[in-house]
Amino acid sequence: MSSNFLNPVTTQTWANGRHLVRCVKVIQETWDVRTFCFMADQPILFFFKPGQFVTLELEIDGEPVMRSYTISSSPSVPYSFSITIKRVPGGRVSNWLHDNLKEGQELPVHGPVGLFNAIDFPADKVLFLSGGVGITPVMSMARWFFDTNANVDMVFVHSARSPKDIIYHRELEHMASRIDNFSLHIICERHGLGEAWAGYRGYLNLRMLELIAPDFLEREIFCCGPTPYMSAVKHLLQGHGYDMSRYHEEAFGPTPPEVRADVRELAAEAAEAPEVPVADQHQVEFTATGKSIRVSPGETVHAAAAKLGLHIPKACGMGICGTCKVMKTAGEVEMEHNGGITDEDVAEGYILSCCSVPKGDVVIDY
């Protein structure tokens, strides 16, 4: 490593896009959770909003795979970033990462993106609610407030299956012991044989919440966890007068069944749809490859590329991860995304190909 590696004059700033990074450390957080730390060989300041995520570009068994993970570190430590991953039984990507990703290995990442963050929703009093590995985005937020000595009153409530499943336990206790504006509360569903636990047991309920944060109605809430956990939290808050415009969430887990059903239904409808007259079709041109194709109304730019054999990376297919971002140099599209692209990128001409439908002839630099 050269002596000027961390020279601010030569250091670049992380921009939303594709970057090659190297794994520099692997930390065993719990028996089934690991943190992977990354840096770039060419020094980059990894600036992001606490709570945002990146998408890893992997190759598993010779097949390209994209998967998104929240950044668990804080932008206050800018020369590296970390992601924390739970080994999921039967999970293709999480198991591969636990078994194969070692220090020194390089991989491309896309991002950072995400609307779930602590910067866009400033507040003097916050309540962090997390379940399982859903702790990662709110931990990034808490670390940011802690490191920057922010004048923010934080209540941090984490739910885990058992004491051995508590992620970042020692660090959380350290934070709570160092500053007065960080109140830590951990709820364990159960405890195993030989495990001592004097804290809250069971599941988060109204009585617990009122004991932990009597003023929860006055706080901005950031919540993340498995879908059942999120549903229970929302039901609890909605039933007791909380202003849900101050509630922010990020779900961890597989795509909900209703979303998968909608996608299958749309695919079936498209397959049965009659052929569209040429006059009603739009041309999509990809200038970098010199290819073009006419598409029917409703077809996305990504679908057009796929028909031409062009591989635009994609992970979520719902405008969330930002992986499929491309530059539009001409024409107009209708883009309905879910936070996977910034207003600045849109102003420059970028679109998310997975959720952008041409409104006329379109030219893409790809």
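Yeah, the Cβs are placed from backbone N, Cα and C, and that goes for glycine too.
Sequence annotations record features per position, and here Swiss-Prot assigns domain 'FAD-binding FR-type' to 16-119.
Averaged over the domain '2Fe-2S ferredoxin-type' (282-366), the predicted model reaches a pLDDT of 88. Swiss-Prot lists 282-366 with the feature domain '2Fe-2S ferredoxin-type'.
What Swiss-Prot lists as [2Fe-2S] cluster binding site is Cys316, Cys321, Cys324, Cys354. Under a cutoff of 8 A between CB atoms, and with a sequence separation of 6+ in the same chain, the neighbours of Cys321 ([2Fe-2S] cluster binding site) are Phe53, Thr55, Met66, Ser68, His110, Gly111, Val113, Ala315, Gly340.
Helix, strand and coil residue tallies for the domain 'FAD-binding FR-type' (16-119), in that order: 9 helix, 54 strand, 41 coil [DSSP]. DSSP assigns Cys354 ([2Fe-2S] cluster binding site) to a helix in the three-state reduction. The domain '2Fe-2S ferredoxin-type' (282-366): residue composition by secondary structure is 16 helix, 29 strand, 40 coil, according to DSSP. For Cys324 ([2Fe-2S] cluster binding site), the same-chain residues that are 6 or more apart in sequence and have a Cβ closer than 8 Å to its Cβ are His302, Ile312, Pro313, Lys314, Ala315, Leu352, Ser353, Cys354. Note on the binding-site residues Cys316, Cys354: the fewest other CB atoms within 10 A surround the CB of Cys316. The [2Fe-2S] cluster site is set by Cys316, Cys321, Cys324, Cys354; from the centre of their CB atoms, other residues of the chain with a CB within 8 Å are Thr55, Met66, Lys314, Ala315, Gly317, Met318, Gly319, Ile320, Gly322, Thr323, Gly340, Leu352, Cys355.
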